[in-house]
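Here is what TrEMBL records for this protein:
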DOMAIN    174-300  domain 'Fe2OG dioxygenase'
BINDING   H192, D194, H248  Fe cation binding site
Amino acid sequence: MFKDSFKYYKSRNPPPDLKDVVDFSIPDLNKVRIITTQCVENQQGDKLGLKPIKEWRVYELIDVPGLIFIENPFTEIGQQYWILKCLKDYSKKPNKLNLDIHNVLNDNESWWDITFGNPEKGKNLLSKLRWTTLGYHHNWDTKKYSEDLKTQMPLEIVKLMDILADAIGFQGFKAEAAIINYYRMNSTLAGHTDHSEINIDAPLFSISFGQTAIFLIGGLTQEEPAVAMYLRSGDIVVMSEGSRLRYHGVPKILPTIIKPWETNNASESNTSISKNVDHWKKAKMYISEARINMNIRQVLKSGQMTLY
Ligand code: OGA
Ligand code: MN
């Protein structure tokens, strides 16, 4: 049962044995299959913080057909770029935030500005940001998208997804909705399926940054058991085809030793992304005790312009 695996990995006392957690950084070829990428190098990739496609390692989980894993394809600067985007830009209007209903931020205040610029008010705010939605805004209650709840998807996300999708053979994928999930070290995400999209034939992309998650992927019903895997900073899970509607969740966040966002390589080739050193310092502090997940979906069928 999915719930049993969830409980097992969530438990603090006793702590779980992690020996069965699939670790794509030391791929076990009895469990994973190597996928070859479609190497159409794209100059945009460098600007979006991606390593050359020929360097990516891509796998499919043999027991879960359609579950594709791209091991961190981001440069160090690329990780910093996306972490900052999630913290500074995607956490403000016109995007929707979990904080909206609590009326803690005034119309002219952003989560980032208050959290890091107003010591008094900001202190409590840091850990209160849990999610933001972009594009077609996910409705957590009805699970239905609506044309009235739709804003512009950031162009850099659309472009990033074009490159990722093309590289693994999903030409035509369109990023139309995104959830940014912000996890603290004690956060979890309960088992669920993502079925709100009209187009469930299109894959769902899930990009992780920061601390490591144990991610569970189960079956089409709650009754089936789950496979556990590590998701580290930069790793991308693609739920396509037979895996698209499977139960999944995050029972545990683990502190990471490897920090691919910490630049110690001064000669890093990517100079097209500039960063504000002061902003990065704050983001680095945040991410040392947090995980960010960018969950990106296509909503409409190809050629469809609106929901209804
Ligand atoms: C989601 C989701 C998984 C993750 O947002 O629907 O499943 O790894 N996120 O955070
Ligand atoms: Mn999900």
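Every residue gets a Cβ built from N, Cα and C, even glycine.
Mapped onto this structure are the features recorded in TrEMBL.
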| residue | record | Cβ within 10 Å |
| --- | --- | --- |
| H192 | Fe cation binding site | 12 |
| D194 | Fe cation binding site | 18 |
| H248 | Fe cation binding site | 24 |
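H248 (Fe cation binding site) falls within a strand when secondary structure is assigned with DSSP. In the domain 'Fe2OG dioxygenase' (174-300), helix, strand and coil residues by DSSP number 14 helix, 49 strand, 64 coil. Each residue in G191, T193, R246, Y247, G249 lies on the same chain as H192, D194, H248 and has a C-beta within 8 Å of the C-beta centroid of that Fe cation site, without being one of the site residues.
When pLDDT values are averaged over the domain 'Fe2OG dioxygenase' (174-300), the model yields 93.
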